[in-house]
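Take a look at the structure set out below.
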Amino acid sequence: MKIKAQIGMVMNLDKCIGCHTCSVTCKNTWTNRSGAEYMYFNNVETKPGIGYPKQWEDQDKYKGGWTLKKGKLELKSGSKTNRLAGLFYNPNQPSIDDYYEPWNYDYETLTNSPQKKHQPVARPKSSLTGDFMNIEWGPNWEDDLAGGHITGLEDPNVQKMEESIKTEFDDVFMMYLPRICEHCINPACVSSCPSGAMYKREEDGIVLVDQNACRSWRYCVSSCPYKKVYFNWQTNKAEKCTLCFPRLEAGLPTICSETCVGRIRYLGVMLYDADKVEEAASVENEKDLYHSQLDVFLDPNDPEVAKLAKEQGIPAEWIEAAQQSPIYKMIIDWKIALPLHPEYRTLPMVWYIPPLSPIMNLFEGKGSRQTAEDIFPAIDQMRIPIDYLAQLLTAGDTDHIRSTLKKMSVMRQYMRAVQTNKSIDPELISSVGLTEQQIEDMYRLLAIAKYDDRFVIPSSHREEVSDLYAEQGSCGLSFSGGPGSCF
């Protein structure tokens, strides 16, 4: 058993209000510079929709992630020989039109224009070419299902649903999906990089790019199934979400988590067995990948696991943080968090609690007071949102989605009964595999958790480096145009 520690995140989609605060603060922190105008390390998509970049979930087009070939894992982009043969021609990556052409406005026209009969107009100007342009797409073009009746049907998750219910999806529900790099346990981007510039940090599992080693091959861009690796056209280097590692090293949460208005994000440590990773990612049936990844995780409260972890060099503070991890409770204990597209076989480490509110609003009506006994049959009958969430989070297995939504529904019903001094059927609680204490713990963590409850982050264990907290905001990369550069 080879034990490793990994920083992970869980997002509660039931609380996301789609305000894009996380996107704005992330962009102002990391990609507010030349060459990175089109990059959003964090973006919020409205689903159903084709997302950013367009149709990023269509791996037949982009060849991202892993596939099984004769029982062995192989990159969907092909073998090493195939990638070497096409080293100077990689057609499977998004173009700027798939992201969007960034623009600004010619505000000088407004301030410097002489008196005219007609009001001057600030026309959009491309940030790439400097020419005037027509705006045809943007990173949140589909916000709140804008144009969803057109682009929504092109969503790969919708296309996998039954033909008879495709055309009705936009009348059923919508949801927000915040996305960052998944910092996968089995990252395809790391394995595909010809120059070895992509790497996964040993101490915390964060996936980063060695800017000095990057040679602009861009196989990381196409091989990432979540399309969260970008190419900086100014520096000719790959860039991606860093999980704000300078903040994590100082024991602080990521900037997207810190500024989240809905408080949907949770950060914590997970221990996993590195020897089981290949086996977990190689299961034949895609619907078994969720359970196989659960088997990779280790119980930090097990004395034997804690002892072995300490012997293998994991600091005591990290083991203690893993024992108090909020994401361990949601992923392992309560099983209400699910991985995004586990069928990509990358074993992602940003998990999601599926949203119950769209389904409840449809069935109950806003402000209604239906009981869990009434809602359970409705959850079973609502094929469209259940099927869609299953394509998104469980490789098409609807049983896990139904189980999670029923747990969330029982939690709502139980806490409503507690608040109004009413009783609730104990069999209803036991039917979802939870106890009253677990439901109360779920409520505290999901609804009223304090800052220190949501973010359990051990500081870095580098005794011989300088003060990381004091150095935040100072020089990062040494070349001009790099993130955090002083030049």
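Note: Cβ is positioned from N, Cα and C throughout, glycine not excepted.
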Can you tell which of Cys224, Cys244 Swiss-Prot lists as binding [4Fe-4S] cluster 3 with Cys181, Cys184, Cys189?
Cys224
In Swiss-Prot, Cys26, Cys241, Cys244 are given as binding [4Fe-4S] cluster 2, so which of Cys16, Cys256, Cys260 is in that site too?
Cys256
Given the binding-site residues Cys181, Cys224, Cys260, find the one whose Cα is closest in space to the Cα of Cys241 ([4Fe-4S] cluster 2 binding site).
Cys181
When the domain '4Fe-4S ferredoxin-type 3' (205-234) is classified with DSSP, how many of its residues are helical, how many are strand and how many are coil?
5 helix, 7 strand, 18 coil
Number of other Cβ atoms within 10 Å of the Cβ of Cys214 ([3Fe-4S] cluster binding site) across all protein chains:
22
